[in-house]
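Step one of this worksheet: look at the structure below.
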């Protein structure tokens, strides 16, 4: 599979100009016409520089594997770091009478459980979101290449927002299957006092009570929450980066240093995160209540909460998701920089399309 994807990636519109030089300029140089001295012509220095600049080809198995590793770090570490805020948010959703607001929620939790109580659920959070990040970012890169090659260069540019939405939705579908068991255990630990304090205690107890259903009954609401969230996260980020370089950053991306590019990544990530929190919050409320209660269904929970109830805890979630999304993109892009992975610039209109639209002579 990866070999076919790598082959498609070579001509992909999201590929970098440097990598195109690698593919076009570093073929079998013995087949090149001989030079004036009769020796085979050597590849251009520019292509050689591109080989030294990147650690792997765009679209190779190594590229996708390292993108997945970047997803593990970006999602696993950030979600674990905000466990206290997530815990209070979940408790506000399932028991709004007791936890009346974000500050009151922290106060009540500290009073009843102490400082250690704020870390409840850290293990399933780390494991679950690490697996989710692996699938989310790794498969996004795969689907982006596959879908863009199905569309062709010109349509990829014209319909790039739709492509981002489709690729991210496809990736998140699989990512949520990996996340669901750990998310169910996390919510039980955080919202049911006395049920279990650790993943080791919660998982066997859940299986004994409800079987495998206990771990996957929340997967459909997870799709409801995470797929819109991820579609917004990737599409909004990609287009915000494009807009920042076009209208805000005073110089082209190619002239920006790596730290400057990472600042743009962080800002675009935070903007995307605010929108992510808003579109996914109602489903997040349903997931929190559903995983707390035995024998309940998403439709019953949604009916009971009502329109006002599903928006409880939104402010806390905007703070959490905005910061979270910005840090995730920053970490993910930093991993690409560290491992010297290809980082294509924002897409530009193909020359063939410019000619069709009469934008060039």
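Our numbering is plain: 1 for the first residue shown, then up by one each step along the chain.
Yeah, the Cβs are placed from backbone N, Cα and C, and that goes for glycine too.
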Range annotated transmembrane segment in Swiss-Prot (choices 63-85, 86-108, 339-361) is 63-85
I'm curious whether residue 59 and residue 147 share a membrane side according to Swiss-Prot, where sharing means carrying the same topological domain name. yes
Ranking 63-85, 121-140, 161-182, 261-283 by Cβ pairs under 8 Å to the transmembrane segment (218-237) puts first 161-182
Using a 10 Å radius on the Cβ of residue 98 (N6-acetyllysine), the other Cβ atoms enclosed count 12
Same-chain residues at least 6 beyond the ends of the transmembrane segment (261-283) with CB under 8 Å of its CB atoms are 221-222, 224-226, 228-230, 232-234, 236-237, 240-241, 244-245, 249, 253, 310-311, 313-314, 317-318, 320-330, 333-334, 337, 343
Across the repeat 'Solcar 2' (159-243) the predicted model averages a pLDDT of 93
Lying 6 or more residues past either end of the transmembrane segment (161-182) yet within Cβ distance under 8 Å of it, the residues of that chain are 124-125, 127-129, 131-140, 142-144, 147-148, 151, 199, 203, 215-216, 218-219, 222-223, 226-227, 229-231, 233-235, 238-239
